[in-house]
Each structure stands twice: as structure tokens, then as C-alpha cells.
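Okay, so here's the structure we're looking at.
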Amino acid sequence: PVSPQLADSEFSPVFRLLTIFAYGTYADYLAEAANLPPLTEAQKNKLRHLSVVTLAAKIKCIPYSVLLEQLQLKNVRQLEDLVIEAVYADVLRGSLDQRNQRLEVDYSIGRDIRREELSTITRTLQEWCQGCEVVLSGIEEQVSRANQHKEQQLALKQQIENEVANLKKTIKVTTAAAAAATSQDPEQHLTELREPAPGTNQRQASKKTSKAKG
């Protein structure tokens, strides 16, 4: 890291230029170019790449008009060449929408953080943690409801199975009782077969008497 003491030394222009490369944009450099060291074309393009990264952190679809103004480029051809160069350098990933004249950013590298931005970042992380806790609480509540519903379903299933089992037993007992009531005693049935029905001998005697008289 660069010592802040350089800001008050003879190297203050260099220190300011380093801070622009760390946090600033090409527009910031142009605003102070008279008091800063000159840049080569490679350095200018590098700062332009970082400027696109700063824009991408705020908006994912950047119009060509905004890029041309912020990067101080003359035409769309220069802009597209610069973006392609940044993609090859893995500074950002995205696509050039020539029809709608915009850059669609999918990914970009991170930049250094100013000290005064730490409180904002901390607050954002705290809000994110609180949001995660709310989501986790909601998930736990849904899991609890699902388990409760599962237990109720299992209890209902067991109740139905018990009722079916009791019903089967009742049907079995009723069927057996009905069969016993309608069936005859085997010994009584044999006795009936051995002993003739009442009045049978009298009819046979009458028949014999009739034959004798004839």
C-alpha cells in the first residue's frame, strides 16, 4: 500500500495518480490532468478499462453514449476495440449489443475500496446477514410445518389401517357365526338317515295289507 504521507510530499502528483488508478476513473484524470503526470496510451487504456469496471458496478447494461463520454473516445469502433481488449485481459466479461448500442456486462473485476466506504460496506453486509437470517427462519418454519403434516398423515394412515383390521375381524367373526347357524350337526344328520321319518312304517303296513287282500 502507498503511504498517505506521500500526499503532502513532493510526490503528491504521483500519489494522486495512484489513487485515481486505485479508485477513480478516466474522467477524474482528465479533470486533474494539468496537475498530474502524463499517461502513455497503454496507461490511458488501462484506466479506461478500470472506468468501465466502475460503471459496471452501477449498471449492467451500459449505453455506448455513456461509455463514449466517460472514456473520451471518438467513435464506436474505438469503443468496441477497447471493450474487446478488456475482455481478453479478463477485466470484464460480457457482450456488445450493436443493435441496441450498449455493453451488457456479465462479470467484472473488483476495485480497491476507500476507507470512507467501509461503513457502507459493513452496513450492506449486516443487511445481507439479516436477510439471510429471515430466509433461514422461513425455511425452518416450512420444514416444521412439513414434519407436522407428515406426522398427521402417518397418524391418519395408522388409524385407517387399524379400522380396516377391526373391520376384517368383524366380518370374519360374523361370517363364522352365520355359517355355524346355518350348518347342521353331522351326528344328527346321520341319525335322521338311519331312522325313517314318522309314519313311514304305517304306510308300508297299509300297502302290505292291501296286497294281501287282493
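Glycine too: its Cβ is placed from the backbone N, Cα and C atoms.
Using DSSP to sort the residues of the domain 'PCI' (1-110) gives these counts of helix, strand and coil: 63 helix, 16 strand, 31 coil. Feature annotation from TrEMBL assigns domain 'PCI' to 1-110.
Over the coiled coil (143-177), the average per-residue pLDDT in this prediction is 89. What TrEMBL lists as coiled coil is 143-177.
Taken from TrEMBL, the feature region 'Disordered' covers 178-214.
TrEMBL lists 186-195 with the feature compositional bias 'Basic and acidic residues'.
Sequence annotations record features per position, and here TrEMBL assigns compositional bias 'Basic residues' to 205-214.
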